[in-house]
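According to TrEMBL:
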ACT_SITE  92  active site, proton acceptor
BINDING   32, 51, 99, 108, 109, 110, 117, 118  ATP binding site
BINDING   32, 53, 54, 55, 56, 57, 92, 121  substrate binding site
BINDING   51, 99  divalent metal cation binding site
REGION    1-22  region 'Disordered'
TRANSMEM  79-98  transmembrane segment
TRANSMEM  119-144  transmembrane segment
């Protein structure tokens, strides 16, 4: 007697059903790039309007990006300083997108929803840690030298006293 065959799983509906018409999919070249740019700008505007964490990180970027250009370091260090700040903004946008998609699916508490949001938050934390480490290593000596030169008698004792309390 032959063994019984396992029944085949039905194919997903996306394989058999035609996709809805999307007017932007037919665009090519400059038109496609133009629509993509408009959507990107709209996304940044939404993030500025709706996401307080993005606004905080954008404020930090407004301070650090000019510093990353003008601090007297090697050219590759400029790239690393600026890139680490931009990476924080990129990861925050991706995290906000994940959180928005999860909230769109359902607002009820679910373990997988919590896990997805926690993983996105962890990615932001790692990007912030990388940014802090990059700035500490590459710009820290310059900042320390500047503090000694301009505020040595007043600033350095207070700064070292404050740093000694952090343990």
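One is the number of the first residue shown, and numbering goes on along the chain from there.
From the backbone N, Cα and C atoms, a Cβ is placed for every residue, glycine too.
What TrEMBL annotates, mapped onto the structure for a quick look.
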residue : record                 : Cβ within 10 Å
32      : ATP binding site       : 13
51      : ATP binding site       : 18
54      : substrate binding site : 22
55      : substrate binding site : 14
56      : substrate binding site : 11
57      : substrate binding site : 23
99      : ATP binding site       : 16
110     : ATP binding site       : 12
118     : ATP binding site       : 10
121     : substrate binding site : 15
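There are 15 other Cβ atoms within 10 Å of the Cβ belonging to residue 117 (ATP binding site).
For residue 110 (ATP binding site), the nearest of the binding-site residues 53, 55, 56, 57, 121 in terms of C-alpha separation is 121.
Counting every protein chain shown, the number of other Cβ atoms lying within 10 Å of the Cβ of residue 109 (ATP binding site) is 7. When the binding-site residues 99, 108, 109, 117 are ranked by how far their Cα is from the Cα of residue 54 (substrate binding site), 99 comes first. In the shown protein chains, 13 other C-beta atoms lie within 10 A of the C-beta of residue 53 (substrate binding site). When other Cβ atoms within 10 Å of the Cβ of residue 108 (ATP binding site) are tallied across all protein chains shown, the result is 6.
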